[in-house]
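Annotated in Swiss-Prot:
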type	residues	note
ACT_SITE	Lys13	active site
ACT_SITE	Asp138	active site
BINDING	Pro96, Glu97, Gly98, Ala99, Gly100, Leu101, Gly102, Gly103, Gly104, Ser105, Ser106	ATP binding site
Amino acid sequence: MIKSAISLKAHAKINLHLEVLGKRSDGFHDIVSVFAPISLADELLMQRKPDKKECKVLSPLAELPAENTITRAYEEFKNFAGISEGISVRILKRIPEGAGLGGGSSDAASVLRGLNDMFSTGLAEEDLRAIALKIGSDVPFFLGNEAAVVRGRGETIKRVSVFSDYFGILIYPEIKSATPRAYSLLGRKESEILNPAFNPELFCGKDCREWPFFNSFEDVLFTEYPAIKKAKQDLLTNGADFALMSGAGSSVFGLFKNEKTVKNAYSKLLAEYGRCFFFLLLAF
């Protein structure tokens, strides 16, 4: 049954761990990372436009470039599945851009799932993953909604259980961190062989205070942008049991086990940081 409209939520992710290994011959980098979806999300309303042949994106609160992940997802899906109708997508952006939260990738994955449902094309998971990887390295992860250890350039995804009974605070320090720039600061050489420091699956189910997790980008980006380092320190000073920068920056997050502590921390941090979000992990 072809549907005329679908409402979608595109959740952000945080990286509980992110280790960048060598640079591959195809120009991408191998990573070992733990991705976890969180409650912060964009909202999308997708509608069929039978008299159109393209995707029109409407965003009342944010200017999106003509070439964006939503239109890219539509074009890739249309070419693969052979649909001929256009769509419109109205998006309410809540996930900051350039923040290491995967907002654009999550939007794209939600559109792929929505198109598969709207037009009843019945594409298999492997087909959706193949389309997703053409759009971006993080997009395949967002086709699911569970924590995962992600390897390679993002194509190897292993679902894992992460103890999710935490309260979270996310700070976006109003710095747009460009992923290519972050990788260039790391200076990984092509075909450089680096072995992972450890297997993150062994620690995902443990208390966050026992995690040995880290983010390879922190040292170089903290030097480049001291405000990111300060935001992380402010989370720890205000009682976070674990704090880390997400992705290639610039957002940082803190996990709290105690509800009273997180409420006090949130009120203090919100007064200092304009873009401060309370969240819950969606990792079970």
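Cβ from N, Cα, C; glycine included.
Overlay of Swiss-Prot feature records on the structure.
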| residue | record | DSSP (3 states) |
| --- | --- | --- |
| Lys13 | active site | strand |
| Pro96 | ATP binding site | coil |
| Gly102 | ATP binding site | coil |
| Asp138 | active site | coil |
Checklist outcome for this item: One finds that other Cβ atoms within 10 Å of the Cβ of Lys13 (active site) number exactly 30
Next on the checklist: On a simple 10 Å Cβ count over all chains shown, which one of the binding-site residues Gly98, Gly100 is most densely packed?
Outcome noted: Gly100
Checklist entry - To the nearest whole angstrom, what is the C-alpha distance linking Asp138 (active site) and Gly104 (ATP binding site)? => result 9
Next on the checklist: Give me the CA-CA distance between Gly100 (ATP binding site) and Lys13 (active site), in Å, as a whole number.
Outcome noted: 8
Checklist outcome for this item: Cα nearest Lys13 (active site) among binding-site residues (Pro96, Gly98, Gly102) -> Gly102
Checklist entry - Can you list, in sequence order, the residues of the same chain other than Pro96, Glu97, Gly98, Ala99, Gly100, Leu101, Gly102, Gly103, Gly104, Ser105, Ser106 whose CB lies within 8 Å of the CB centroid of the ATP site? => result Ala12, Ile95, Gly247
